[in-house]
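Listed in TrEMBL for this protein:
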- 1-30: compositional bias 'Low complexity' (COMPBIAS)
- 1-35: region 'Disordered' (REGION)
- 39-158: domain 'KCTD8/12/16 H1' (DOMAIN)
Amino acid sequence: FSLAAAEGSASPPAPARSPSLLPLTPSQSLDAGGGRRSGYITIGYRGSYTMGREAQADAKFRRVARITVCGKTALAKEVFGDTLNESRDPDRPPERYTARYYLKFNFLEQAFDRLSEAGFRMAACSSTGTCAFAPELGGPATADDKIWTSYTEYVFCRD
C-alpha cells in the first residue's frame with residue numbers, strides 16, 4: 001500500500017515477481033497472473049520407539065504409520081496428486097484449508113521429493129516427544145523399557 005497511490009498521485013508499478021526456474025505444467029495450480037500460487041503445506045507424522053536400559057544402541061523403531069497433510073486443498077492436490085488420500089475430507093473446496101488429508105505412502109523422503117519438485121522449500125520443523133513407563137499408566141511392567149512417542153511436523157512454503 002502506497003501513501004502516494006492513496007492520495008491519487010501516480011506511482012510506479014510494483015515490480016513483477018520473479019518467475020520460478022522450474023517449468024510449469026498444465027496440472028499445476030496457477031494464480032491470476034499465470035504464475036505458481038504461493039502457499040504453505042505442513043507434513044506431520046507420529047512415531048514411537050522403545051529404548052532399553054541405559055539408552056542402549058538397540059532402540060527399536062516402528063515405521064511411520066501415516067503422513068498427514070495440512071494446507072490448501074488445491075496445493076495439496078497439485079503436489080501429491082493421486083497419492084493424496086482425501087477420504088476424511090472428500091468435498092473440501094480448492095481454496096479452503098484442511099488438516100484431514102494423509103498420504104497413501106509412508107516414506108517421508110518421497111513426500112519431501114514431491115514438495116521439492118513442486119518448488120516448495122522447508123521453512124520450519126518441530127518435534128515433541130513423551131516417555132511412558134509406569135505400569136499403572138499402561139507402560140511396561142518394568143521401568144527398564146521405556147516407550148517414547150513423538151510427533152513431528154515439517155512446514156514447506158512456496159513464494
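A Cβ is built for glycine as well, from the same backbone N, Cα and C atoms used for every other residue.
Helix, strand and coil counts under DSSP for the domain 'KCTD8/12/16 H1' (39-158) come to 27 helix, 55 strand, 38 coil. Within the model, the domain 'KCTD8/12/16 H1' (39-158) carries an average pLDDT of 87.
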